[in-house]
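For reference, the structure discussed in these notes is given below.
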Amino acid sequence: MGFDTESPDRITQEGEEANVGVENQPKAAPNLTALDQPQTIKTRNWWIWIFVSSGLVVTGRVFSTLLLNFYFVQTGRDVCDDPKQFKGTWLQSMVQNAAFPFTAFFAFLWRSLSSNHRETITSSASSFGKLFLLYISLGVLFAAYSQLYAIGRTHCIFFFWIFTTQLIFTSMFTAIINKHKFNRWIILSVILSGVATGITSSEDAYNPCEGEGYKMSYGAWCGFFGTVAFSLSLCIMQLGFEKVIPKTESKVSSVMLMQTYASMIATLICLVGLFVSGEFRDIKEDFETFKKGKPLYVLTLTGLSLAWQVMSIGLVGLVCLVSTLFSNVVSFCATPLANILVVVAFRFMDDDIEWFKGGALLAGILGFASYAYSLYKTVKKRASQSETLRV
């Protein structure tokens, strides 16, 4: 079973609401209840997959934030004057993408269990060139924003305020590239999720505290271009699902394969960067000096890689199910929860969870609810128009 119902956002953009759910039905409809049932089941499954994908994003965001803070604390990178504070960016970016075998395994398992996997393979082969260009472009963008974010995070104390501009770029790019239509509920959702992230993103063990201007400026520009690259990658994903991925391809399979191939290409690029930059020499030092011991160093990087991959699968799934913007909104709405848990886990003896952190969590929940309500209204309107057309 896959998520076969089309995104309401895309249907609205294309002006096809009146045709949804009726294209495969006969002209005469003596039993409307029987005809409505398959579409109702598809819509229900579509909502289930949205909440599953959102859960993956939240889970991945929380665990990746906690483990990355743990990694910085245990390697001493939370100390301002430690020379290691600015090192290891290529390793961080590579680890962010390196769990693609995990995704590949589930993609292979799903395709093996799918009853129409032979058909999807044939369809994919006919558009191999377009798929190759899609995965290459996404892999390059994955590697770019992973590295740029790693540099911005470790070099600029304003990184997380720069990171918040990701929503602005996503909104701009999706309006231009994906022809996304906005309403008041979506705009409210964007504002609330941006506020939720902006006011709780400063409580991190890897928040740099040095005052060297050139490093600060360098990190700020890297963070800025990282947000551009990430936003662009989401928009290209949506274009890929709409224009390149075969319609006969299982949605679950296409999400898994897109994430697998793009992450594999990004990992290879980051691996080359790791050796060319000479940062591979620092891995042994981190391994030897990890405060909690060598086994936990390996487990931390492994868990971090898996957490990032889980979050990425959820993001790609939401792009496929709904839209680029909704995927980014869910990611931002999950940030307050992750940062509150960081305070509890690493600063519970020193810091309190101020009232505005609770307010940020509420803003994140309301931001998600606002966008979900917009989707609900669109689905309800679509169903009403379909029933009117049948009558």
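Heads up, the Cβ atoms here are built off N, Cα and C, so glycines get one too.
Predicted, not measured: the structure shown is a model, and the values here were computed from it.
Noted in TrEMBL for the protein shown:
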type     : residues : note
REGION   : 1-33     : region 'Disordered'
TRANSMEM : 46-70    : transmembrane segment
TRANSMEM : 90-110   : transmembrane segment
TRANSMEM : 131-151  : transmembrane segment
TRANSMEM : 157-178  : transmembrane segment
TRANSMEM : 185-206  : transmembrane segment
TRANSMEM : 218-241  : transmembrane segment
TRANSMEM : 253-276  : transmembrane segment
TRANSMEM : 296-322  : transmembrane segment
TRANSMEM : 329-349  : transmembrane segment
TRANSMEM : 355-376  : transmembrane segment
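Non-local neighbours of the transmembrane segment (46-70) in the same chain are 3-5, 92, 204-206, 300, 303-304, 307-315, 317-318, 321-322, 327, 330-331, 334-335, 337-339, 341-342, 345-346, 368, 372, 375; each lies 6+ residues outside the stretch with a CB under 8 Å from one of its CB atoms. Through the fold, the transmembrane segment (218-241) approaches residues 134, 137-138, 141-142, 144-145, 147-149, 151-156, 158-159, 162-163, 165-166, 169-170, 172-174, 177-178, 208, 254, 258, 315-316, 319-320, 323-324, 327-328 of its own chain, all at least 6 residues removed from its boundaries and within a Cβ separation under 8 Å.
Residues 53-54, 57-58, 61-62, 64-66, 69-70, 73, 164, 166-167, 189-190, 193-194, 196-197, 200-201, 203-205, 311, 314-315, 318, 357, 360-361, 363-365, 367-368, 371 of the same chain lie 6+ residues outside the transmembrane segment (329-349) yet bring a C-beta within less than 8 angstroms of a C-beta in it. Within the chain carrying the transmembrane segment (253-276), a Cβ under 8 angstroms from the stretch's Cβ atoms is held by residues 2, 90-91, 93-94, 97-100, 103-104, 106-107, 110-111, 114, 117, 120, 134-136, 138-140, 142-143, 146-147, 237, 240-241, 245, 309, 312-313, 316-317, 320, all 6 or more beyond its ends. Each of 90-110, 157-178, 355-376 was scored by its Cβ pairs under 8 Å to the transmembrane segment (131-151), and the highest score goes to 90-110.
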